[in-house]
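Student: My structure is below; once you've seen it, I'll send some questions.
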Amino acid sequence: MRDLLNLLKQQNQVEEFDSIRIGLASPDMIRAWSYGEVKKPETINYRTFKPERDGLFCAKIFGPVKDYECLCGKYKRLKHRGVICEKCGVEVTLAKVRRERMGHIELASPVAHIWFLKSLPSRISLLLDMTLRDIERVLYFEASVVIDPGMTPLERGQLLADEAYLQAIEEYGDEFDARMGAEAVQKMLKTLDLKGEAIRLREEITGTNSDTKIKKFSKRLKLIEAFIDSGNRSEWMILEVLPVLPPDLRPLVPLEGGRFATSDLNDLYRRVINRNNRLKRLLDLNAPDIIVRNEKRMLQESVDALLDNGRRGRAITGTNKLPLKSLADMIKGKQGRFRQNLLGKRVDYSGRSVIVVGPTLKLHQCGLPKKMALELFKPFIFGKLERAGLATTIKAAKKLVEREGPEVWDVLEEVIREHPVMLNRAPTLHRLGIQAFEPVLIEGKAIQLHPLVCVAFNADFDGDQMAVHVPLSLEAQLEARALMMSTNNILSPANGEPIIVPTQDVVLGLYYMTCERVNAKGEGMLFADINEVRRAYETSIAELHAKISVRITEIDPSKPEGEGETTRLVNTTVGRALLSELLPPGLPFELANKNMTKKEISRLVNICYRRLGLKTSVVFADRLMYLGFRQATLSGISIGVNDMVVPKEKQAILADAEEEVKEIEDQYASGLVTNGERYNKVVDIWSHTNDQVAKAMMERLGSEEVYDAKGNVVKQQTFNSIYMMADSGARGSAAQIRQLAGMRGLMAKPDGSIIETPITANFREGLDVLQYFISTHGARKGLADTALKTANSGYLTRRLVDVAQDLVVTKDDCGTTRGINITPFVEGGDVVEPLRERVLGRVLALNVYVPGSNEVAIPASTLLDESWVDYLETLGIDAVKVRSPITCETRYGICAACYGRDLGRGYRINIGEAIGVIAAQSIGEPGTQLTMRTFHIGGAASRTVTTDRIEVKYKGNIRLHNVKIVQHDSGKYVAVSRSGEVHIVDEQGRERERYKIPYGAELSAGDGDTVESGQVIATWAPHTHPVITEVAGKVRLQDFLEGSTVERQADEVTGLTSLTVLDPKQRGAAVKELRPMVKLVDETGSDLCLAGTDIPAHYYLPAGAVVSVEDEAMVGVGDVLARLPQESSKTRDITGGLPRVADLFEARKPKDPAVLAEISGTVSFGKETKGKQRLIITGSDGERHEELIPKWRQVNVFEGEHVEKGEAIVDGPPVPHDILRLRGVEELTYYIVNEVQEVYRLQGVKINDKHIEVIICQMLRKVEIIEPGDTSFLKGEQIDKPRLLEENEKMEKEDKLPARFEPVLLGITKASLATESFISAASFQETTRVLTEAAVTGKCDELRGLKENVIVGRLIPAGTGLAYHSERRRKRRMLEQPESLTADTGTSHYGEDEISESGAATA
């Protein structure tokens, strides 16, 4: 018996390991793994079904087919364990060794491993410094290669085709050595002196200036050094021995009818063995060279197919014409080993069923069908039955359960009590997609789900299914209850707002309840308290909507007992008074005394959570839900066709619009406007008309005239069902009602362009055939979009998770004072997101001072909560420096201070929180709501583009930023700067709005002036770009030759003439080099200079400029010399929605990007080249930078103008890499955060900036070496920042030169693949490439991230698993250095000292 126990113990001995290394296997190693050579291609004997000896399933090599039984049947039973049968040679042991024991094939001729040959960049060709094409020619026997030239003039590595080879042999005899095939390559690799080569390359790199050469040498040097350091030998990339996979991993399964289903690998192995055996025979027979060569080539091809089918040439196909699945295919892709079996597994103790609504449940409950519960909790029930003495053995308990007697149900109730279960709805897009509930047993077969958690699960009851999982161990139950319980997940981790908010029916009920009705029964009554109101309502003395007055008592919980009570009389309605009964003490009555729309209810829950905590909020939310459902039922709201009221004014509005359109068509016919303009204007008119109709309709729907008690006519909000549903936020929107009762409006074609004939009908009136046909366009595109969108969104989420998965909070505080400045977010002049919302939950990096003094208002390192941001607002501060994940200085991970508040919990983040994954989920989860559409500037969009003035919305003072102004003779100010801004600041010094001031704008107010609301402070011509003079003087036109460089044009309408500069392309050769320019001279004719400089006032004019001054005319400061017409007709696609977010995170270069100034300095134009203009910036220190810009791009700057580094010279979308290089990390952060937020904001999705910053932080993980110093890195190499910093510290300790570096921005896909962990990268994408690279360099995976640990089957180093990992490391250190045991206990920063021994063991 003890023997048996020992045997069982042996089986589950798990090795502790800290890291995983991958490398190349040497032939000896492969032979050591093997239990015998596979010599025959046979698999099993089809008569006896026994494996053939020496075949692919041989029992002698791989082990017995049945447990403890040899093949011939001489030895059976456990007692013969370990005996090797002398008859059939099979060891008597467990059959599962057939999953572990490998075999091998001795190849008759060496074969190149296709991964190292064809996976780009080809390692073999890089190492030998030959082209891949050449190496392939050698390998596949098309040419010979010179291995050792001896004394001949041939060179090592030179290729000789057949004729050349014969000729060389004739000439030199056997002086030289040249071969073909894998032997040749192997010999070359063997004879390569790696160390010498490395030294030579290092010298060459320092000795050359050519960038391409440095790049090439560096690549090779890196590979060579990797081989030297890793202990891999280069000749191991050529296989002499081929390992054979254990047979149970490539099974052969008998089907009915005597056929077999087999793994494709068996076919591939059979081909290899067949060819190998044939080659051996041919070599033994000394067959002619050409036959042997052909056989060798075929062997090479069959090994290629086994390792990676289809990588070279045509893929080998099976009987069904599909390519066979090779070893490489087994591990890559969605169905490969990584993603199918290691990252996602099927789990026991789980079930799934359809969900139905459970409106009577409490928030922490879910209804579990009895049948399901019985099945899921079976082992628990068996145990309980046995302990209770109701069954003697497990078998008896099983019988009891199968009978389903009454005692079983009693036991089930006990087992389930307080044992949480986890519910999950696929797709699990964020962490709220799995939550824990306490099960309540119910009849029926459907799971009941609490309505308030539907938002988090994104569940509806139209046939959705959910899965149930049972946490088994005590720790699992504890975590489920403490961390995953639905009552603990009230806030959304994406934005920190409540996600447990009533929707749909509940909102409708509460809204209906809190409406007012004029002249309702009981209006004007006075009540002593709310109970009296309830009695009046229940006895039908007062209606729900009657306006009444009632005395209420409010309690302030912050005051001591008995002091916080206040009583007052309030005007309200019966419904609102009844609603206020639910308000927990401490919430003012004001919060409920209004129309409860969805927004208001959400606010109410939020305030409740912030003021009164979790428990109160949960109870309150539940009670709100019950009341909402009840009132929605009582209200009897439903939709009828008569609720859709078409406004009477509609016909008149449409007639007006048609009139306007006709007018424009006439203008077009007479040639006054272009086709593009006509189209834009028509679209404009119709979108405007649509708005007007919608407005008229909403007025009709939303208000009605009624008589009040005195008989006067008053307006009140209607009780129209459709309007109430939309207004409350329960269902539908104004846009949908507009289609029902207004007009459908303009439709888009599938390519996104707008059809200019609108649909004037609505659904209530019905569409005619043409209108219906136009509608189908958009509808069909919508459906196609949705399908694509889901897939794209899922892929984006996957990339985001992959790039951020290893980012965990590992420290309390890294102690940095760096951070990023946060200002209110402004769009179109409006403050869209005030400062308080942006800094809430962040930690201050620097002290905040009271404005105008040096008194510290809020000290640094304060976590800004609601009360602090309120204080910030009263101070009127408009910019704050806060800590950010991007500036965090923690080596591995991020510190809690740089992250700030845990949005899903509302307090400072815990150590061990997996913020990377949370960030990825928060950005990816709303992805499906984003549109896929790319908008053309047309319709509604074009109206916002052509602004021509700044109109102030708030009263306040003007502050100008970087604006250069000249004063015109008329007293007006004219802006002559490009990136100027005007801010409007109120009395408290808070910024209310801000606007960009374009070049050439006329300002009517100066810095510090006070302006009123609605005042216009700046105007400009929207469609032209002026050239403005900054000095007064006389005009000289230079190089103006009418008919060659300029032409005179007369305006038909006004009759005035003007000069237009011609495009150099259209000029004759003689005048091509001339550059028309306006010079300003004084009376004597000498050049005037710009104020305060010695730069002459020369204004070069680009092609297309219209000159508005004549030669010798006098001009004053601020006058317009010329105008450049802006091309507004070009419709640029604005990429919107999901593709835009993906582009930003992938850091892609946009089309026609902005050109930024590389250095600060003065602009001048150099000699033009074909199609390009040369722009030169000269710095103050004489540094020059040249930029070639295509002629058709419009340059923003003029000759002699000063530009700052990073300023845009040519407009366009900026390249993120340029922003990083020229303006730094902080500017890049602003750019990406704002651009991403803009997309989400359009869809009304709120995401905290922190999440985007976390992803940017991961995109900036790598740095590029500029100067390697004394480190072993190479110039231009990309290194992980922590690794570089460690190396630099080492250098500084040894008084050597550290490396200089600059940050690089990688797109998320690149960043994921460039991660230090090869396991994580391989499981993401491009598995073959990643594994090839890792094997050659002998990479070691430290298993730091989450993904790697999931793959090796451990707890993840985040959350509660962090303690387990640090404990494991600590024990490890104790084993390694027992003498320093006492000193070592307090070193780790995870605080693992609190974790007991048992805790670590069980976790």
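A Cβ is built for glycine as well, from the same backbone N, Cα and C atoms used for every other residue.
So Swiss-Prot lists these for the protein:
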{"type": "BINDING", "residues": "Cys70, Cys72, Cys85, Cys88", "note": "Zn(2+) 1 binding site"}
{"type": "BINDING", "residues": "Asp460, Asp462, Asp464", "note": "Mg(2+) binding site"}
{"type": "BINDING", "residues": "Cys814, Cys888, Cys895, Cys898", "note": "Zn(2+) 2 binding site"}
{"type": "REGION", "residues": "1369-1403", "note": "region 'Disordered'"}
{"type": "COMPBIAS", "residues": "1379-1388", "note": "compositional bias 'Polar residues'"}
Student: In this structure, which of the binding-site residues Asp460, Asp462, Asp464 has the fewest other Cβ atoms within 10 Å of its Cβ?
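Tutor: Each of the binding-site residues Asp460, Asp462, Asp464 was scored; lowest Cβ tally within 10 Å is Asp462.
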Student: On a C-alpha basis, identify the one among Asp460, Asp462, Asp464, Cys898 that is nearest to Cys85 (Zn(2+) 1 binding site); the candidates are the binding-site residues.
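Tutor: Nearest in space to Cys85 (Zn(2+) 1 binding site), counting only the binding-site residues, is Asp464.
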Student: Please tell me which one of the binding-site residues listed here (Cys70, Cys72, Cys88, Cys814, Cys895) sits closest to Asp460 (Mg(2+) binding site), measuring Cα to Cα?
Tutor: Cys895
Student: Which residues, sitting 6 or more apart from Cys814 (Zn(2+) 2 binding site) on the same chain, put a CB under 8 Å from its CB?
Tutor: Cys888, Glu889, Thr890, Cys895, Ala897, Cys898
Student: From the centroid of the CB atoms of Cys70, Cys72, Cys85, Cys88, the recorded Zn(2+) 1 site, which same-chain residues not already listed sit within 8 A by their CB, in sequence order?
Tutor: Ala59, Leu71, Gly73, Lys74, Tyr75, Glu86, Lys87, Gly89, Val90
Student: In the three-state scheme derived from DSSP, which category covers Asp462 (Mg(2+) binding site)?
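Tutor: Going by the DSSP assignment, Asp462 (Mg(2+) binding site) belongs to neither helix nor strand, so it counts as coil.
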Student: Near Cys72 (Zn(2+) 1 binding site), which residues of its own chain have a C-beta under 8 A away, given they sit six or more steps off in sequence?
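Tutor: Looking at Cβ-Cβ distances below 8 Å from Cys72 (Zn(2+) 1 binding site), excluding near sequence neighbours, one finds Cys85, Lys87, Cys88, Val90.
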Student: Based on Cβ atoms within 10 Å, give me the single least packed residue among the binding-site residues Cys70, Cys85, Cys88, Cys888, Cys898.
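Tutor: Selected from the binding-site residues Cys70, Cys85, Cys88, Cys888, Cys898 on minimum Cβ neighbours within 10 Å: Cys88.
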Student: Given the Mg(2+) site residues Asp460, Asp462, Asp464, which other residues of that chain have a Cβ within 8 Å of the mean position of their Cβ atoms, reported in sequence order?
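Tutor: What remains near the Cβ centre is Ile355, Ala459, Phe461, Gly463.
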Student: If you draw a 10 Å sphere around the Cβ of Cys895 (Zn(2+) 2 binding site), how many other Cβ atoms fall inside it, taking every protein chain shown into account?
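Tutor: Taking every protein chain into account, the count is 22.
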Student: Based on DSSP, name the secondary structure state of Cys898 (Zn(2+) 2 binding site): helix, strand or coil.
Tutor: helix
Student: Rounded to a whole number, how many Å is the Cα of Asp464 (Mg(2+) binding site) away from the Cα of Cys70 (Zn(2+) 1 binding site)?
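Tutor: One finds 52 Å between the Cα atoms of these residues.
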Student: Roughly how many angstrom lie between the C-alpha atoms of Asp462 (Mg(2+) binding site) and Cys70 (Zn(2+) 1 binding site)?
Tutor: 58
Student: Apart from Cys814, Cys888, Cys895, Cys898, which residues in this chain have a Cβ no more than 8 Å from the mean position of the Cβ atoms of those residues at the Zn(2+) 2 site?
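Tutor: Apart from the listed residues, the neighbours are Lys811, Asp813, Thr816, Arg883, Pro885, Thr887, Glu889, Thr890, Ile894, Ala896, Ala897, Tyr899.
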